[in-house]
Amino acid sequence: MVLEFGKGAFVVDDLRNVTIKIGEIAEEEEEWAPMGPTPMPGIATLRDWDFFLLKRYKPFYAPACDMCCLCTMGKCDLTGNKRGACGIDLAAQTGRIVTIACSIGVSAHTGHARHMLHDIEHMTGKKLSEIPVDLGPEIDEVAPLTELITGIKPKTLEDLERALRYAEEQIVQVVDAVHTGQEGSYLDYESKALHLGMLDSLGKEIADIAQICAFGYPKGEDNQPLIEVGMGVMDRSKAMILVIGHHAPPVLNIADYIEENGLEDEVDLGGICCTANDMTRYYQKAKIVSALGRQLKVIRAGLADVIVIDEQCIRADILYHTKKLGIPVICTNEKAMHALPDMTKEEPKNIIKYLLDGNPGCVILDPLKVGEVAVEVARARRKQRGDDIGPRLTEEQFMEYARACTQCGNCTIACPQGIRIGEAMEAAENGDRSKLEKEWDVCIACGRCEQVCPKGIPIIDMYNYAAWNLIVNEKGKLRRGRGPIRDSEIRNVGAPIVLGTIPGIIAVIGCGNYPNGTRDAYTIMDEFASRNYIVVTTGCMAFDAALYKDEEGQTVYEKYHDRFDGGGVVQIGSCVANAHIHGAAIKVARIFAKRNIRANYEEIADYILNRVGACGVAWGAYSQKAASIATGFNRLGIPAVVGPHGSKYRRAFLGRPYNDEDWMVYDARTGEKVRIEPAPQDLLVAAETIEEAIPLMAKLCFRPNDTTQGRSIKLTHYIDLSLKYLKRMPDDWHLFVRTEADLPLAKKEELLKELEDKHGWKIDWQKKKIVEGPIRGYHAGFNPTNLERCLRDGFMTV
């Protein structure tokens, strides 16, 4: 037998009874950039980087429970450094629980991405290979996370699917590690959690780029139109469809059906959570009713004629409430079917009749059938109920319930906000409903109070009745989600961000589990945008900030531009659009510093940690997705602040400013180790109040690479915000002074005097120079890195 190879073919002589199968044909990768050291990293690939972060930012644990109840050898008491039956201690068990939470979060986003690709093929009738990844002429770095993590620069959605397969495989491997009898080190559990956080960012990018390219969402253009937001924006003269969840394709079919049949004047489409955000990127007449924190208030207000749910952040007891109100529910996703009958294969007319016959709901898993059913059911129900849309309680019922309250205090004990509901009920009984109305916004509508009330008072309905005028008049304005940051924008702001003259990027993201109502979201955005920070925002916090107006009647979205530039408020989109915030930081390294981002995660994360002044805030974070989102930011070198409820995630990453060895970096210019200021000081930290959080966020934008001008600007804001919100100078401001040129010019003499008197620094008053005192001096050529490899081999550039 002779085997001959020729160009493009091979020939085999005398071959019999052989079947030849040709599988996937791999085309040669285009070498647009050198392949970096870590394409498609496994669990252990970036472990050294994780361990560096975990050494500097030591995990601080606050376990919610000292027991482990995960296997039948337990339950095991882990207090007092005891080990469980399997040998695990409390630190490792807490790290394990954190890893489990992150695995749930990353599975939600990655599962969403997989479902998105399936629905795109079904709804468009195209193969993934036929849909190009095209984000317009101003975006060449179309998928910076995908390129950074996998080494793939996608040309079609099929390329994104390859990256998604990698993420899915890695998630399985990490979840395997949380099984009993596997990992035993809290450090390695945290490394695995960081790995999941990175995969979460990848899954989000795949999901959002896919829907942008398939459904024609905005591609990073600024000056986006304003969308109505608030419980008062729904037109009560029309049939009302309420959508809840995060997976938009079924809702897009509703929008198509409304438009194709000319029903815009008859049907109003509104939503809660990320589905609401994404549908407005497709259908501009859609409205955002509320963020997650008001979901139960919206449902119980009875505004909707039909409710359509898909996946994530949907109340598990939604049918319990809708059955009482007679509102049918259509489940469109197999992850949330609520024991309803699957009618996917039924004709739409049969499904419509079934729902109008008074049945509580059904499942429709074909997104192309949802539009007709939802719209026609809503139209029919609107005719049935007429104009009877108002509070669910009568005046007599309201007063009867107010009088029934015995001030037992059970509700306050159950309330995560500690609201003194009984006092508000007593005031209402005496004719003062202002307390209930004021607390309506602080209440996150969890419903726990109703579960413990011995009198069965419908407390949510009481709140809605007292605040009804507020509800019907609540109308704000939100910029439509614009999607990714354009390369052209990065070219303009890369230098100011790295040098510090734009003091930082503030990412306002996450859920609505706020400690004191929704106004905090507005306060954070307005404060930082007014100081020339770049404010980017997504999800529920983006919605809630839109509900408030300044003295001139403008929301933050009307007051500030939406370019990625100083003083901008940029509404990126839904939860999965958070990936574009990661992407912006990566693009700074790629476009401004000319670093090679292809499969080069560790080096780019090192660059961001040392140079890109960015800080995330998830003030109302509640979900496992929020945990994996924050952990993904952390692995990339971006710190995050959470609200007081965020301590329930059980873990913080706190720096120790006093520990010299934690703050040693290499100066690539000289090869020597240098002790730097604690910048950024923490990687994940909970703040108790908004007054504590705002100065903390400004502090977490300090970076070792700041120029003197940039450091002076950042110190000005840090000191000013501390004086404004905490009424005192920050205790640690002097740690960030390297030279007198770092000091805010307007307070230079005052601060030099304080450095001399309070901190013992030596000052040459004749020259007004610092002679002795700083942790380190300033050198314009300082080139910080934490990676020995980069000292040895140099930085990868393109």
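Each Cβ is built from the backbone N, Cα and C atoms, and glycine gets one as well.
In Swiss-Prot, the [Ni-4Fe-4S] cluster site is described by His246, Cys313, Cys511, Cys540, Cys575, and among Cys213, Cys274 the residue recorded at this site is Cys274.
[4Fe-4S] cluster 3 is bound by Cys405, Cys408, Cys411 in Swiss-Prot, and the record lists one more residue there from Cys443, Cys446, Cys453, which is Cys453. The two recorded residues, Cys415 ([4Fe-4S] cluster 4 binding site) and Cys540 ([Ni-4Fe-4S] cluster binding site), have Cα atoms 21 Å apart. Counting neighbouring Cβ atoms within 10 Å of each of the binding-site residues (Cys68, Cys71, Cys274, Cys449), the lowest count belongs to Cys71. Note: the [4Fe-4S] cluster 2 site is recorded as Cys68, Cys71, Cys76, Cys86; in the same chain, Cys69, Leu70, Met73, Gly74, Lys75, Gly84, Ala85, Ile88, Gln93, Thr180 also have Cβ atoms within 8 Å of that site's Cβ centroid. The secondary structure of Cys68 ([4Fe-4S] cluster 2 binding site), as reduced to three states from DSSP, is extended strand.
A Cα-Cα distance of 41 Å separates Cys540 ([Ni-4Fe-4S] cluster binding site) from Cys86 ([4Fe-4S] cluster 2 binding site). Of all the binding-site residues listed here (His109, Cys405, Cys411), His109 has the Cα closest to the Cα of Cys313 ([Ni-4Fe-4S] cluster binding site). For the domain '4Fe-4S ferredoxin-type 1' (395-424), DSSP puts the residue distribution at 19 helix, 0 strand, 11 coil. Listed in sequence order, the residues Thr406, Gln407, Gly409, Asn410, Ile421, Gly422, Met425, Cys449, Val452, Pro454, Lys455, Ile457, Ile459 complete the 8 Å Cβ shell around the [4Fe-4S] cluster 3 site centroid, once Cys405, Cys408, Cys411, Cys453 themselves are left out.
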